[in-house]
Every structure is written in C-alpha cells, then in structure tokens.
Amino acid sequence: MTGVFYLEDNLEQFRRSRQLVRVRVTVVGRRRFPCLRTLLLIFAMFFLCLQLHVSNLTGRESSTEPVNDSAVILSMVPQVLHKFLNAKPRNISNLANGTFGNQTDYKNIPIPEILRNIYKYNNAQTVHNEDIFGPIQNDTLIIVIQIHTRIVYLRHLIVSLAQARDIDTTLIVFSHDYYDPEANELVQSVDFARVMQVFYPYSIQTHPNTFPGQSKGDCPRDINYQHAQILKCTNADHPDLYGHYREAKFTQTKHHWWWKANRVFDQLEVTRNHTGLVLFLEEDHYVAEDFIYILRQMQGACNVACPQCNILSLGTYLKTYNYYGHTKQKEALRALKRHQALSAAAVPPSWGFHILPSLYQHYHKAEVTPWVSSKHNMGMAFNRSVWSELRRCAQHFCSYDDYNWDWSLQQVSLQCLRVKLTAMVMRGPRVFHIGECGVHHKKNNCESTAVISKVQKVLANASRHLFPSHLTVTFTTVSKKNKLRKGNGGWGDVRDHQLCMNMTLPVNHS
C-alpha cells in the first residue's frame with residue numbers, strides 16, 4: 001500500500017515533466033531546426049528525471065523499513081493512548097471483577113474458578129460504557145474481536161481502534177478463549193466505545209485433559225489407522241481424510257469462530273433485533289483511522305452498484321501491500337507503462353460506480369469478486385441476513401474436514417448457499433495483519449513489533465489519502481468457477497462435528 005501512494009506521487013510529478021518535454025519538442029519543431037543533438041539532450045533529461053524520481057521513491061521506502069524499537073512505535077502513538085500499551089505490575093486483588101485472593105498467581109488460577117468467572121461474564125452480558133455512549137441501536141456497527149493470548153498485539157489493536165473516527169458509535173465485543181486477568185483489565189480499560197466481553201466456554205484452558213481439549217485416551221496425531229484399532233484409543237474410527245487424528249490446539253480456532261458468531265447474532269439480548277453490520281477482527285489486526293467511514297461508503301456503494309454483495313472485506317496481508325512498495329526501477333517503469341496503456345485505450349466502462357481519471361489510486365478503489373477464503377477472510381463484515389443463510393448450512397460447516405473456519409465457509413458458499421458469497425474488497429486495505437506468529441507459523445520472537453512499526457508508517461504516509469469522498473467500484477471478470485477443493489483435514493473426529501452443531505442450538509435467556 002505504501003508503494004501505491006509513493007508511486008502515485010512520483011508518477012504525477014513525472015507526468016508533469018513529460019508534458020514539459022512535449023512542449024519543448026513542439027517548439028523545436030516549429031522552428032524547423034530538427035537537431036538530433038537537442039532531441040538526445042531532451043531524452044537524456046527525460047530519463048534523468050525518471051531516475052531521480054525512482055531514487056526518491058527508494059529513499060522514501062527505505063525510511064519505512066520496520067524498526068523493532070518500542071520507543072519509535074510509542075512516539076507515533078498519541079500520549080493519551082500510552083495507557084493501553086503499558087502493562088501494569090501484576091498485583092492481583094479482585095482483578096477484572098474476578099474473586100481472587102491477594103496472593104493469587106494469576107497465571108495459575110484454578111480451573112473451577114475460571115469456569116465460574118466465565119459463567120458469570122457470559123450470563124451477565126454487561127455492556128460497559130453504555131451510560132456514556134448510550135444504548136445500542138439496531139444499525140450500530142458491532143466489532144467482534146477473537147482473542148487468544150497475544151496481548152502485545154491486542155494492545156496495539158486497541159490503540160488503532162481508539163484513533164478511528166466514529167469509534168464511539170460502535171459496540172466492541174471481545175471474545176476470549178483464554179481467561180487472563182491481564183487481558184480482562186486491558187479490555188475493561190477501554191473508554192472510547194461500548195465494550196462487552198464474552199468467553200468461549202469449551203477452551204483447552206478449561207478442558208486440558210478432556211474433550212474438547214486433548215484427552216488422555218485420544219489417538220496420537222500420526223498413528224496409523226490399524227495401530228489405532230489395536231490401541232483402541234477414543235477416536236480410533238475417525239481419522240481425518242489424510243489419516244491423521246485430531247489436535248485440540250488446531251480445532252479450537254474453528255470452534256471459537258463458529259461459537260462467537262452464534263453468540264453475537266443469536267444469543268445476546270443486546271443484539272436480538274440488530275440488523276446492521278458485524279465486523280470480524282482478531283487480536284493481531286490493526287485498523288486504519290477511516291475503517292468505519294470506509295465501511296459506510298462500501299454499504300452505500302453496495303446499495304447502488306452491487307446488491308448481490310454480501311461480504312465487505314477491509315483487510316490484506318503484508319505480502320499484498322508490500323508488493324506495491326517494490327522500489328526497483330523496472331517496477332516503476334512497468335507501472336508507468338500500464339498507466340499509459342490504460343489511458344490511451346480508455347473506454348468508459350459500463351460497470352463503474354464512479355470512475356476517476358487516475359487508475360492507480362487504490363486508496364478509494366473497491367473490487368467486487370467472488371469471496372475467496374485465503375484472500376478475503378480478514379476484516380470481513382456481514383449482516384444478520386447473511387448469517388441466517390450461513391447458519392442454515394451449519395451441517396456443511398461443522399462436518400467439512402478442515403480445521404480452518406474460512407476454508408469451511410468457502411465450502412459452505414460453494415456447496416450449500418442459495419446465493420454464493422460475493423465480496424466487495426478494498427484495494428487499499430484498512431485492516432492489517434501485524435502478527436508474527438500464529439497457528440501455522442512460529443518464530444523465535446513471537447512478540448516482535450517490527451510489523452507494527454511498518455504499518456504505523458504506512459498509515460502515516462497514506463494519511464492524506466484516507467477518508468475519500470467516494471469509492472470507485474470495479475467488477476472482476478471470473479474466467480473459471482471456483483472448484484471444490486479437498487479440505488486441509490484436522491476435522492475428522494465426530495465429537496468436533498457434534499460440538500460444532502450444538503453451538504447453533506438456541507440458548508435460554510431466562
């Protein structure tokens with residue numbers, strides 16, 4: 001994304017210099033003195049100008065290289081928000097509304113006590129700060145954040161949310177699958193919006209030795225079917241499609257995602273009549289200050305240009321926007337040639353919602369495309385109507401042999417939905433992935449802040465391009481249909497299928 005904005009600035013300057021060159025060439029022609037030396041000089045100046053601009057682009061990009069320096073990161077955060085980044089000494093005493101003794105080790109809270117507190121939170125359904133910001137409306141934007149244990153990233157996500165325009169009009173639901181008083185304290189310190197906490201009640205933390213955790217009688221992951229039958233381990237009859245047996249640490253994420261969606265749409269009093277958007281984020285995401293504004297713009301564009309759009313996607317992964325930050329000269333030349341070719345053959349397209357002259361200003365461009373799990377799963381939003389269709393397909397979601405919730409949604413879209421998922425995607429992302437580690441990736445330093453620093457600088461440099469007055473909507477041409485793919489496995493155990501299905505059962509609110 002950084003490169004898009006830098007490239008735009010340099011192309012604009014370059015275009016002006018090119019126009020100046022054309023004027024000079026015209027003057028020479030009128031004097032009727034065709035001088036080869038003069039032409040060569042002009043072309044030399046032309047390429048020198050381009051080289052200078054590319055060098056400038058390189059210099060700018062190098063200045064945005066991530067720096068793993070907390071002081072630099074802190075300097076880019078308003079002073080009033082530093083409180084969210086500074087961890088307090090752990091002296092627990094009735095912390096986070098829990099019932100703890102003064103000497104309790106908060107990392108070793110007894111499981112029965114955790115379960116009691118989880119039940120209390122989930123049953124109370126408390127909306128914090130409602131007295132300040134007023135009650136929830138039917139069209140209030142609800143932001144649901146899935147949280148595990150990466151509190152360093154969560155702190156930065158909260159800082160980014162605090163700087164978003166109109167954040168005080170939202171309800172932020174923090175959905176935890178790990179009970180941590182430090183995280184509770186952080187979440188309950190949020191004072192810029194309405195806040196609710198919900199706790200996934202079937203976590204590995206609260207079920208360390210029984211399903212849905214890893215039971216002692218469970219089959220080891222890599223044991224073969226014949227050996228499992230001899231051992232008579234609990235799930236011997238139910239390996240996944242690759243012959244492996246379940247691992248609780250992988251199945252939990254899909255369970256948690258499905259549970260929280262059911263919880264927010266169907267099981268909370270405050271959302272009983274809600275018809276607005278629900279935006280799904282995770283603890284290692286980071287938002288731009290205009291993300292709420294852009295969501296509203298996208299809603300308006302859908303009403304006019306894309307009534308079939310049922311998913312709005314704000315996010316991208318680092319490799320996507322880093323591609324546009326490529327600073328080699330050949331990339332700048334390729335971009336220039338593409339722009340010239342498009343300008344020369346420009347035909348007003350009939351599908352445009354609002355077409356602008358510049359075709360490389362991605363910050364206000366949205367694209368309509370079939371929803372693809374690996375591309376459009378971050379910062380995605382949909383409403384109750386879409387959820388009702390997804391919920392109707394619970395059997396497909398819960399039985400598909402893939403431990404990834406997004407791949408499972410892809411299967412639901414292709415196999416079950418009456419109207420397949422169609423996404424409106426921002427080309428210039430408003431949600432970024434800042435996590436260095438996750439389910440699939442482990443590094444030596446999983447709390448590195450290098451990516452956070454880079455995203456901060458990306459957004460700082462792009463600030464003048466935020467809050468566009470309108471969106472440009474394009475429709476992609478789909479050359480081939482999405483094929484049904486074999487799942488990634490990890491979800492062959494019928495106990496997982498049943499637990500997942502049970503989450504869609506109505507909850508008695510009395």
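In case you wondered, yes, glycine gets a Cβ from its N, Cα and C as well.
Feature annotation from TrEMBL assigns transmembrane segment to 34-54.
Residues annotated as substrate binding site in TrEMBL: Q146, I147, H148, T149, R150, D177, Q252, T253, K254, H255, H256. Around Q146 (substrate binding site), a 10 Å sphere centred on its CB holds 22 further CB atoms from the protein chains shown. When secondary structure is read from DSSP and collapsed to three states, Q146 (substrate binding site) falls in the strand class.
Around C233 (disulfide bond), the same-chain residues at least 6 positions away in sequence with a Cβ under 8 Å from its Cβ are G217, D218, C219, P220, I223, Y245. Reduced to three states, the DSSP call for C233 (disulfide bond) is coil. The disulfide bond annotation in TrEMBL covers C219-C233 (among others).
According to TrEMBL, the feature Mn(2+) binding site maps to D284, H433.
Per TrEMBL, the feature disulfide bond maps to C306-C309 (among others). All chains included, 24 other C-beta atoms sit within 10 angstroms of the C-beta of C309 (disulfide bond). C309 (disulfide bond) falls outside any helix or strand according to DSSP and counts as coil.
The feature disulfide bond is assigned by TrEMBL to C393-C416 (among others). Taking Cβ-Cβ distances under 8 Å and a sequence separation of 6 or more, the neighbours of C416 (disulfide bond) in its chain are R392, C393, H396.
Positions annotated as disulfide bond by TrEMBL: C398-C500 (among others). Of all Cβ atoms in the shown protein chains, 24 besides its own fall within 10 Å of the Cβ of C500 (disulfide bond). According to DSSP, C500 (disulfide bond) is assigned to a helical segment.
Taken from TrEMBL, the feature disulfide bond covers C437-C446 (among others).
The substrate-binding residues named in the record, Q146, I147, H148, T149, R150, D177, Q252, T253, K254, H255, H256, extend over a maximum Cα to Cα distance of 19 Å.
In the three-state DSSP scheme, C219 (disulfide bond) is classed as coil. When the CA atoms are compared, the recorded positions lying within 10 A of R150 (substrate binding site) are D284, out of the candidates D284, C309, C500. Rounded to a whole value, the Cα-Cα separation of H256 (substrate binding site) and C398 (disulfide bond) is 12 Å. Relative to C500 (disulfide bond), the binding-site residues with Cα atoms inside 10 Å are K254, the candidates having been Q146, H148, K254, D284, H433.
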